[in-house]
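Positions annotated as domain 'C2' by TrEMBL: 1-113, 255-376, 411-531, 570-690. The region 'Disordered' annotation in TrEMBL covers 145-224. As annotated by TrEMBL, compositional bias 'Basic residues' applies to 154-163. Annotation source TrEMBL lists compositional bias 'Pro residues' at 181-199. Per TrEMBL, the feature compositional bias 'Low complexity' maps to 200-210. Residues or ranges marked as transmembrane segment in TrEMBL: 936-964.
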Amino acid sequence: MSNLKLCVEVISARLKPREERTHHGDGYGGVNASVEIRFDGQIVKTSTKIDDASPVWNEKFFFNISDTEDLSNLILEAYVYNKTSSITKSCLGKIRIFGTAFVPYSEAVGMHYPLEKEKRSVFFSAVRGELALKVYVTDSPSLKVPNINPTKKVTSHTRHKFHNIPTTEISKPSQQRDPEPPQPQPRPPQPRPPQPRPRSPQLEPLQTLLPQPPPVMGASRFPAARYDSPLPQAAMGYDPTPPDYSIKETNPILGGGRQARNTRAHDLVEPMEFLYVKIVKARNLPTMDPTGSLDPYVEVKLGNFTARTKHFEKNKNPIWNEVFAFSKSDQQSNFLEVIVMDKDVIKDDFVGSIRFDLDEVPTRVAPDSPLAPEWYTVNFERGGEIMLAVWFGTQADEAFSDATYSDALTALNKSSVRSKIYHSPRLWYLRVIVIEAQDLVIVPDRTRAPNPYVKIKLGNQMVRTKPSQLLNPRWNEEFTLVAAEPFEDLEISIKDRVAVNREETLGSAKIPFDIIERRVNDNRIVPNRWFSLKFENQRRARVATTRILLNVCLEGGYHVLDESTYYSSDFRPSMKELWTRQQPSLGVLELGILGVEGLNVSDGKKETVDAYCVAKYGTKWVRTRTITNCFNPRFNEQYTWEVYEPATVITIGVFDNNQINGGNNRDGKIGKVRVRISTLESGRLYTNSYPLLVLRPSGVKNMGELHLAIRFTCTSMFQMLVQYWKPLLPKMHYVRPLKVVHQEILRQHAVSLVAARLSRTEPPLRKEVIEYITGSDSHFWSVRKSRANFFRLTSVLSGLLGTGEWFQDICTWKKPVASAAVHVLYLAFVCLPEMILPITSLLLFMLGVWNYRLRPRQPPHMDTRLSFADNVHPEELNEEFDTFPYSSQDPGTVKMRYERLRGIASRAQTVVGDIAGQGERVQALLSWRDPRATSIFMVLCLVSSVVLYVVPFKVFVLLGGLYIMRHPRFRRKTPPGLVNFFKRLPAKTDSML
């Protein structure tokens, strides 16, 4: 037997039986709950909680694992029973957890599992509820397995290898209540999908998934609105209180308080004082080496901090122009030393030094002019001078962005820790229409026909036409590419497919963008142009030059999307001439990035976090400095943007810098925050902390709290209100719209172009940062997103459904007073129809006034319940994080996912077919597919035309409304005749193969 044990901690449950709802006003009470756990032939039971619909056990059990190699094929089952009497009990539900979901002790978290129906239970009691368990595998010798009395031997016809462990259902095993060993911060577990079994019922997990969601997909069958906040997955185990992922308002002291001298440019951050040392250059430095050479560099010492400039070889007049910034909070000495050294092979030689008393160092407050550097003598005996400047300042100093900070003095790549501002390249859509080619020269071959096609290449983008069978082919195909300034040449080539894997170039040309025309709208017609092609290996004498007819233009009237339209930060067209004419600036957005609290390690390979923030709005990107080895970094950096559209979003992301010590590792993603400009009140200062939520294979994890200060100032309220009535996108998007699929492909090309250009900057803004901020993977499919969008749709339609239920209650007279009032209002509206629209508008106005007191006080943030991320099955997360387009899973898992997707698609297919069938019945009224039904409908229309002409319209509406809302005493239990007639109409379903 293996030393591994399976620990199951039964934490709590939330139960809501249907029979209880009919006898209790709140739907709780009357439940005597207990849990029975079965694993590998072993059965244990918890204590019974009397008359408690939300029982809390916190009981822990350990099971022997007979065969660790077969662990992935074992299943843990937990049954929840309601003790109805001293000898009877009913099953409220069960859960099943596959062995592939078992994780080590350090990665275990409490999870919330919805209860499934137990079909074999005779005394089944319908229930909606959840059971909280914490399951993990451990081999700790301090954990003891409870003594279990023997019962009969358990046999199995499957390939599971059960060990014959004695069990009992009567005696309850002793519960382990020893204190748990200290747990480090866990790394999110990597759940593995269930493996298919080779026996005949091998798709049992799949059959469980297809008819209903997996065991923990509680949100799909149990709407979150009927319960309190879902139970969290705490890092150290299960937390009985829901996780707080809401935005919290903070009250930092911004700008140094009322008495501080500060500028408007830095009044959204807390002032941070630095000691700046700027080493400019030196002259006439003495030589200390007998050879007469000098390789000078400068050391700046402040307490335990030592900064060093780069050294120059054989240079007595070096120029450094380097700035060092020492945080005043880390000041460990009252003196600053600047030492000039001569780099040597064995031991560096001392050249000279300067000592500064920090009490005598001046203080500079922006926007004062920069402090002028001075010449100082470094060696009074041999001479030599150095030019430098020393002053106290804040992060508002212009030297802040170019300085080397005291916490990054040991970094190998010092440029990667500095704060910088980037600008995305201006993007254009390049439209290329390939019309025809003439005078192609193809090597004669009687065994095959010519097969030429055109290949178009722009950077990493490449498209091709369909092959033709002519020597003077015509294609007439249109392509759209993404071009970025400064432009690269457009490459056009004609190739002939000689064999399956062999092609021959018939000619090529490079088209510079200087000769490509630009147009603003579709009114201007761009003429076609002939381009001559060149040949690399010309085999035959040329009589005529091969030419190709193209229509090429740069579309300046489009906006090239590099973000999703739902959270884009800019909608201006590519051509700058249209910016000021169509979209004037509406205001200024100011962002203060204060800091992050409680950071978690983003990568298990590192023990600390080197955090920095990146914010994007429009074409402007900002990057804060990197604060090394700190879980609570304070940035206090402020940036501004001009706002041209209120329906835009600013995105702020936090990352872990993995480039400090060199290498090419990817920066870790800690989390991001989106703030929509239209949700901000003009002139109001928002100081909030935002949780940094990341979806991992183990579920949602809070990586820390990002503290921001945001203020939007509107410069023209009239222009702001007028902007709401203008088109969101430029005019070309409506005149010549792009297909949705094509636009998504172009968006991916645009993101790749931006990432390629910004990765060439110093410090580079890496590709993974660009993709995370722009949300380039938002179009990937997942079961979780599909379910979340479906419930978003049902939430939107819930108002209409609620109105229908309310009207049904009025028609059935469940509330006589309300039904009578509706009848009176209906009579009034029929008599005064001109008052319907004014009263409706007035009611909508009053509803808006009533909802004003319920308006959100803070900008919206990531909602885990809306995203269905707080309670999702590990298999779904494993599928969502799987590689695309090539899966890294075994074929059995991929087959199971495919079968599940087919089951979901079949239900969607049925719903779509039903909707189409209803529409086809409407078309069948006059299509004579059913001659008798069409004849009846025509006679009915003829009679109704006479009746409607004779009877006044008000009388008809009055009688029709009173008939629909008639009392149940005058109703029949069968559907009315019109409904029966409509259901008998033929649809085209019987014509489907």
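For all residues, glycine too, the Cβ spot is worked out from N, Cα and C.
Given the structure is predicted, the values throughout are model-derived calculations rather than measurements.
At the 8 Å Cβ threshold, with sequence separation of at least 6, the domain 'C2' (570-690) lacks contact with the domain 'C2' (1-113), having fewer than 3 such pairs. Secondary structure of the domain 'C2' (1-113) per DSSP (helix as H, G, I; strand as E, B; remaining residues coil): 18 helix, 57 strand, 38 coil.
Counting same-chain residues at least six beyond the ends of the transmembrane segment (936-964), those with a Cβ under 8 angstroms from any Cβ of the stretch are 811, 823, 826-827, 830-831, 833, 925-926, 981. Counting residue by residue with DSSP, the domain 'C2' (570-690) contains 10 helix, 57 strand, 54 coil. Counting residue by residue with DSSP, the domain 'C2' (411-531) contains 7 helix, 64 strand, 50 coil.
In the predicted model, residues of the domain 'C2' (570-690) average a pLDDT of 89.
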